[in-house]
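Lifted from TrEMBL, the feature list:
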- B:30-500: domain 'Cytochrome oxidase subunit I profile' (DOMAIN)
- B:29-53: transmembrane segment (TRANSMEM)
- B:106-123: transmembrane segment (TRANSMEM)
- B:143-168: transmembrane segment (TRANSMEM)
- B:180-204: transmembrane segment (TRANSMEM)
- B:236-255: transmembrane segment (TRANSMEM)
- B:267-284: transmembrane segment (TRANSMEM)
- B:299-322: transmembrane segment (TRANSMEM)
- B:343-366: transmembrane segment (TRANSMEM)
- B:386-410: transmembrane segment (TRANSMEM)
- B:422-446: transmembrane segment (TRANSMEM)
- B:466-494: transmembrane segment (TRANSMEM)
- B:532-554: transmembrane segment (TRANSMEM)
Amino acid sequence: MTAILPPSDRLWWKHPMDRQETIWIIISFIWCMVMFAMMVGWHFFGKQNLATETYKVDPAAFAERAEAFAKKYTVRTETEQEVPVVAPPEGSDVYMIGRLWNWWPILELEKGKTYKLHMTSMDYNHGFSLQPINLNIQVVPGYEHVIKVTPNESGTYAIVCNEFCGIGHHEMVGRLYVK
Amino acid sequence: MTVSTTYRTCPRSGLQFEDQAEKLIKANAFTAIVALLVGGILALGVVLTRWPAVHLLSADAFYMVLTAHGLDMLIFWMIFFEIAVLYFASSTLLRCRIATPRIAWAAYWLMLVGAVINNVAVFQGESSVMMTSYVPMMAHWSFYLGLVVFAVGALIACAVFFGTLVVAKREKTYEGSVPLVTFGAMTAAIIAVFTLLSGAIILVPTLFLSWGLVQNVDPLAYRVIWWALGHSSQQINVAAHISIWYAVAAIVLGAKPMSERVSRGAFLLYILFLQLASAHHILADPGVSTEWKIVNTSYFMYFAVLASMIHALSVPGAMEVAQRARGFNKGLFEWLRKAPWGNPVFSSIFISLVGFGFLGGITGVMMGTEQLNLLIHNTIYVPGHFHATVVIGTTMTFMGMTYFLVPVLFRREIINPGLARLQPFLFGFAMYAFTIVMMGAGTLGVSRRHWDMAFNGNALAYEWPGAAYLMMGLVGITGVIAIIGGAVFIYLVVGSLLWGKRLDGGKVSNTFTFLNRAAPSAPLQTYGSAGFVAPGTFVLTMIFLLTFILYYFVNWKYLGQLWGLS
């Protein structure tokens, strides 16, 4: 019962290793290095990397910019709340507000074009969860996160909030179109 | 020594319990079981609400129950039990008196009071902030106060553990180095100190914020430091339950660690790197650099993952060596077939070990990968993963340990041994299924902590695929079965304590018996030979590795098909 008794060699770090353990450690170590390389390598060879461009932001100032943006590019409104559907040109700055309890506005993007998406929260933490493709990004109040997005498939997408943000959390859902 | 105390030698296990330590272990373990009971009842509310066809609770009740379930299970059940494990691994295994028993009792009462304050705060309804309680979303001040008081208690208990190691050393109760299990417990305690201090750094200002003494706590800083508490508290569990795996392998099978150097080295890697894992929760966050994410989430180049992979070989490997020494030498797996599956102490641990590795370990590394995290961040995959690690891993291990402690520590025979034989399989396999369907639903995008996946009445409603509803229905069914398995456990333990046959306590003496080091044994001397000592385990670990590699790259392939982001 040596695991609950003092080891037979006082100098346990001199205890010999079994060949089997040595081999397993080498294999595991190599696998760990492969996984490490994948994360670094994806930044060079992969297309899906979260940008780290972030600014400290005052929610009111952000809302002002978002409203100006929506006003400029609104093409129609949807639902009883008349949520604007905003179709910005390629390469432009696109704004998205998360707040209790909606995502605003509805965006209409084009397939294969790249946009600079600015996101923040007006109040609590929210979770930007793009469905059905299942891309998930944290939205933190006071921080403006800027991500270049390139939709690669057209369709109607939902933005579900997946960070608990209070009693109406499950009602917080928005929409996004890709033409 | 002037301290007067008595030592009881248990006739069944040969373990020696010092009087005060014994009472402390009993109190902490029993309180843990009570927290498990409360958390288990709450779990019923959670799964019956997330089962779309049942959808039991109202939204506010659901979020309240979910908050309480998380706290009672992840914090109170586990940390109370871990404190019992720390006292066991120090005082009992080293056969010494516990350092400062009065302070240890003060720690216990602080923890208990803190846990009660926190539960009361949650059930008053103004603190449904979930386990994570991200500012600026605020709970009632007593919510934070309860957590802080609990953490102070737990910190003091860790200090008593370290003090007890010093006592043992000074009073020379043992020869040589501390046993491996004590070494693992020490790892857990070191991580616990780091964790609890992180908790203090962030929860104390938040408490002040709730009192209006502080104007602002930065939401991002809160998340980063909170997770140094939140994730690292799971690392205490990992270190604690792996120590128990080694302990049970020794107690039930008489197994020896294959190599002390390897197993202890792996624990050292935990101390150095495991806490970095807290960064896993910040992967989808703004404001943190890519370099920071890669260094931290890889636990600095995956050295902590390496440590877990080492334990994954050495724990079952040690069991295999012991079984082979006993003559179960036929083929690759006779040692496993002939293992004591009817003993719930063993079966709990083995089911825990396999589930923790395959379901918890692989998915944990996947979701902790910087880019792959985008696929599952905040989906119900996350609770799927951590139920595999903390329920299948830690809770099941602690259950197995409890089956051992009931006769040895509480001196009661387990009632209904037939049911006890069955319980680990019922609970364990239900939990396997539960975590798998949760991860399945998360892969389809279903959110965690979400009351109504149907978005009833919402103009912009999104309709989940039918498979997601099916998965969530299965989450309900398997969850209920797992809860029944948990209820059987509580019934067996509490029933045994109340009605179990009283067992002989064994000899009581005024002095400890000196603890000799283990004798070097035959297999030890054959180490380093050309043959593999545990070929069956090696095959199992290769299957594990292949599953790991396959699953890891499948996710990369899936990620590669998504929208470009940069």
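Placement of Cβ uses the backbone N, Cα and C atoms for every residue, glycine included.
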Tertiary contacts of the transmembrane segment (B:422-446) (same chain, 6+ residues out, Cβ under 8 Å): 344, 347-348, 351-352, 355, 359-360, 363, 375-376, 379-385, 387-388, 391-392, 396, 399-400, 453, 464-465, 467-468, 471-472, 474-475, 478-479, 481-482, 484-486, 488-489, 492
The transmembrane segment (B:29-53) touching the transmembrane segment (B:386-410) per 3+ Cβ pairs under 8 Å rule: yes
Within-chain partners of the transmembrane segment (B:343-366) [C-beta distance under 8 Å, separation at least 6 from its ends]: 241, 244-245, 248-249, 251-253, 302, 305, 308, 312, 315-316, 319, 372, 376, 381, 384-386, 388-389, 392-393, 396-397, 399-401, 403-404, 420-421, 423-425, 428-429, 431-432, 435-436, 439, 544, 547-548, 551-552, 555
Top partner of the transmembrane segment (B:267-284) among B:299-322, B:466-494, B:532-554 - counted as Cβ pairs under 8 Å: B:299-322
Beyond the flanks of the transmembrane segment (B:532-554) by 6 or more, those residues with Cβ under 8 Å of it: 258, 309, 312-313, 316-321, 324, 332-333, 335-336, 357-358, 361-363, 365-366, 369, 523, 526
